[in-house]
Amino acid sequence: MEAAHSVPVQDVLSRFGVAESCGLSPEQVRRNREKYGPNELPAEERKSLWELVLEQFEDLLVRILLMAAFLSFILAWFEEGEESTTAFVEPIVIIMILIANAVVGVWQERNAESAIEALKEYEPEMGKVIRADRSGVQRIRARDIVPGDIVEVAVGDKVPADIRIIEIRSTTLRVDQSILTGESMSVIKHADPIPDPRAVNQDKKNMLFSGTNIAAGKAVGIVIATGVYTEIGKIRNQMVETEPEKTPLQQKLDEFSQQLSKVIFLVCIAVWVINISHFSDPVHGGSWFRGAIYYFKTSVALAVAAIPEGLPAVITTCLALGTRRMAKKNAIVRSLPSVETLGCTSVICSDKTGTLTTNQMSVCRMFIMEKVEGTQCSLHEFSITGSTYAPEGQILKDEKPVRCGQYDGLVELATICALCNDSSLDYNESKKVYEKVGEATETALTCLVEKMNVFDTDTSKLSKVERANACNSVIKHLMRKECTLEFSRDRKSMSVYCTPTGPGHNSAGSKMFVKGAPESVIERCTHVRVGTAKVPLTPPVREKILSQIRDWGMGTDTLRCLALATHDAPVQRETMQLHDSTTFTHYETNLTFVGCVGMLDPPRKEVTSSIEMCRKAGIRVIMITGDNKGTAVAICRRIGIFTESEDVAGKAYTGREFDELSPEAQRQACREARCFARVEPAHKSRIVEYLQSFNEITAMTGDGVNDAPALKKAEIGIAMGSGTAVAKSAAEMVLSDDNFSTIVSAVEEGRAIYNNMKQFIRYLISSNVGEVVCIFLTAILGLPEALIPVQLLWVNLVTDGLPATALGFNPPDLDIMDKLPRNPKEPLISGWLFFRYLAIGVYVGLATVGAATWWFLYDAEGPQVSFHQLRNFMRCTEDNPIFEGVNCEIFESRYPTTMALSVLVTIEMCNALNSVSENQSLLRMPPWLNIWLLGAIVMSMALHFFILYVKPMPLIFQVTPLSWPQWVVVLKISLPVILLDEGLKYLSRNHLEGEEDKK
């Protein structure tokens, strides 16, 4: 039923045709169950194992590799002689890589906690209903509850459906609905209609929402929504409809895959077509078909060479290392690709409570009466330091510390704060912090009493556990609390009846201590306390007090104020009707005003500097809160989102103001806004959508079930460590310390990771370009194979993979947070950089072909044939006069491929050294700045020696050990790549960086 909160209860009962006293008939229950379905959230439809496996092969490069493996397998059947066994190595290795990749992908998806499944944890198993088929209240399974059911809830119960309250059967009804609204304080409910049909959930004080908990009291209500129609069900539907967005890196790699696949296809076709004239060469036995197959194999080798097989593993490893570094900074990353996405975050939408603020209410101002003379009066004003629950801080008057025991008014104020209170402080020894036990507001008063220490209690020798409530305990030993008159909406206050302890004391010394909303309490005051005297409360004095409270409430801090008062001669406790809350207001009359305290949820100390850092980094911070607009704007000014004098028109909106705008106006509002107050979860999702329409990369924080859809929709969903399981499951990152500054540290880490990732992606791609150039050159020039597919796989996966991974440890730039967020559409490799790595790649290709050719032409241990003979090696027969005196088998020697492979590996190690910095010379940024890289290079070379010198590896990789003179040639051919890249870096620094800055 829509807007059930805005109509009288009788209208809701009539709508469902039910009487409060007897409930639904069995026939009505059956009809409603058929109409609305069971009261449960449907389980998530999970993909089958087969679907998950197939998904791992949707990547274009993976498909090309799969095709290459399939073709290699078929071609291996046609091999003859010694090659018939080694021919199977290549397809087997490729298939093993693909299987390993698929297993990891499936395992990650299977183990991902589902936010939708986590929602089901909030469903209660049982509910208490009144139905016509049985007298009294009966317990039934919660899934069997239907709309129209009359339900009873009491303290400790989990609400089984969305319920409109009919009647509250206790003094008050408090509900903890933090999972749904994010509010940390329990909410006091009532049964009266809410006149606003468009009220947000926080304002629907006559509604109970499915999955929330009854903190105190008892009530009866009528079910108005079940299952997917409840507020929590709507959140589930939003999450189902939210398609996860690909991260900028995933999009880049997809684009790269598509471009690379087109290039591979064209180059493979070109190599095959160019060599059609060689299909009938004698080396193929004169068979055109065998020649075609041979060059087809070359094309497959080219495809294998062009694909950076090690890239997915290296990226995963780099991101995993990044997550470890982030975890040390209290940011737990749940989705690896999001590590990189953090680097291009341009907007951070942050909750106020607990993220920008401490979520630890603290009293920062208080006043008592100084003197009252006729119509004139003055106040003693105090400020209090310390912004957490730790009982540490000073009471200051005119910026100077004071001893509270000197002021009689402060002694009485502390007494009221300690006794008119059901909360306490607790020292958590494992976390080493003080925590609240009970309501945040009351805990702030408890903490104030500890800071005031009005009886000068010696706390120096107490442990932190004993220190937590030491001063409160002293006061509680002097006065005994007899009963509590709980808070109620009509009087907006609560009070306690206390009697002095110890012998000789009787009820004659009893007092009633009251705390509550200032207007309500002061209205019932007839006197004010000045020292120990009681002075009549005149209209001018009343106005002075209320004026001070208004200043605190409406000023820059927008403090939450509580008035504290005493009844010096309350009625006898025995005559009080404690079961009837309507009588409480009669007992709380003729009060004496003692003082007032102003409290707030203070901003975290480090937040202001973090927001300034965001401003320098070009990141816009938007505060999104369920709090009222005045408080939200005040906090924004305190932490630097707004300046002190900035006009917030068009920059701060309430949820209602935002809804009243047209869709286009809403979109434009999101472009400028920095504060949204009194918002609901649906607003968060809409804000993310509008920001994404401007190509903003958005990080969104949240902790409640209600935040899950927005967390899922944003590029970076950030859940609080203290948040719900649903929010954590929907998020990419969890802040274990709930601190905004941790987000900024994570963004900084994300930027550093992206810079390092660019370095190793370029490093790997320049290697692949070199391999492609090598195979292309040998095919075009008609030279023997310089590198075979299994060798290419070894280089791409192992020898290149280790240094590439180590490049992830490159130190970040010092000015990394002084730059604007990078454009997510900025290509990984563009313009000059593309030319640079193409130049390096061409050198790699020429060097590998040159090394193989050197062995044929000049090596003392080689055949020393002419270049013409080498180019026509396929025509080599005993009868061909060109090859007179040449043994044709030498063209199948393993030495040239070993030379080429050794040059490729050595050049790549030099190339890794070049990648320590994109533009800085090795003389300015030496390799030992990244000790991991030096270790990786040593390891890669050791593995290369392993396949050359340890049997049976030479047979598998079709290589052979090299002599020392051959190694000298390898080094001579390889080392110039350092000089080449140094020259290109010099051009970058001195000629191109300035031009890019001008752009």
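Along the chain as shown, residues are numbered 1 onward.
Cβ from N, Cα, C; glycine included.
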Exercise for the section: Return the residue out of Asp11, Asp647, Asp659, Asp703 that Swiss-Prot annotates for the same Mg(2+) site as Asp351, Thr353. Expected result: Asp703
Practice task
Could you look at Asn330, Asn590, Asn706 and say which one Swiss-Prot places alongside Thr353, Glu442, Arg489, Lys515, Arg560, Thr625, Gly626, Asp627, Arg678, Lys684 in the ATP site?
Solution key: Asn706
Problem - Same membrane side per Swiss-Prot: Leu75 vs Asn930 - result: no
Handout entry: Additional site residue, Glu664, Glu672, Glu908 [criterion: listed by Swiss-Prot with Asn768, Glu771, Thr799, Asp800 for Ca(2+) 1]
Key = Glu908
Exercise for the section: Can you dig out which of the ranges 74-94, 305-325, 788-808, 851-871 Swiss-Prot describes as region 'Interaction with phospholamban 2'? Expected result: 788-808
Exercise for the section: List the other residues in this chain whose Cβ sits within 8 Å of the Cβ centroid of the Ca(2+) 1 site residues Asn768, Glu771, Thr799, Asp800, Glu908, in sequence order. Expected result: Leu764, Ser767, Gly770, Leu792, Val795, Asn796, Leu904, Val905
Handout entry: Listed binding-site residues (Thr353, Asn706), ranked by Cβ neighbours within 10 Å, top entry
Key = Asn706
Completion exercise
Record-annotated ATP contacts Thr353, Glu442, Arg489, Lys515, Arg560, Thr625, Gly626, Asp627, Arg678, Lys684, Asn706; largest Cα to Cα distance in whole Å is 36
Completion exercise
DSSP says Asn706 (ATP binding site), in three-state terms, is helix
Practice task
Have a look at the binding-site residues Arg560, Asn706, Glu771 and say which one has the shortest Cα distance to Asp351 (active site, 4-aspartylphosphate intermediate).
Solution key: Asn706
Fill in the blank from the handout: Rounded Cα distance, in Å, between Arg560 (ATP binding site) and Glu908 (Ca(2+) 1 binding site) is 65
Exercise for the section: Restricting attention to the topological domain 'Cytoplasmic' (111-253), give the mean pLDDT. Expected result: 84
Problem - Distant-in-sequence Cβ neighbours of Arg489 (ATP binding site), under 8 Å, six or more positions away - result: Ile188, His190
Problem - Within the topological domain 'Lumenal' (852-897), residues counted as helix, strand or coil by DSSP - result: 25 helix, 0 strand, 21 coil
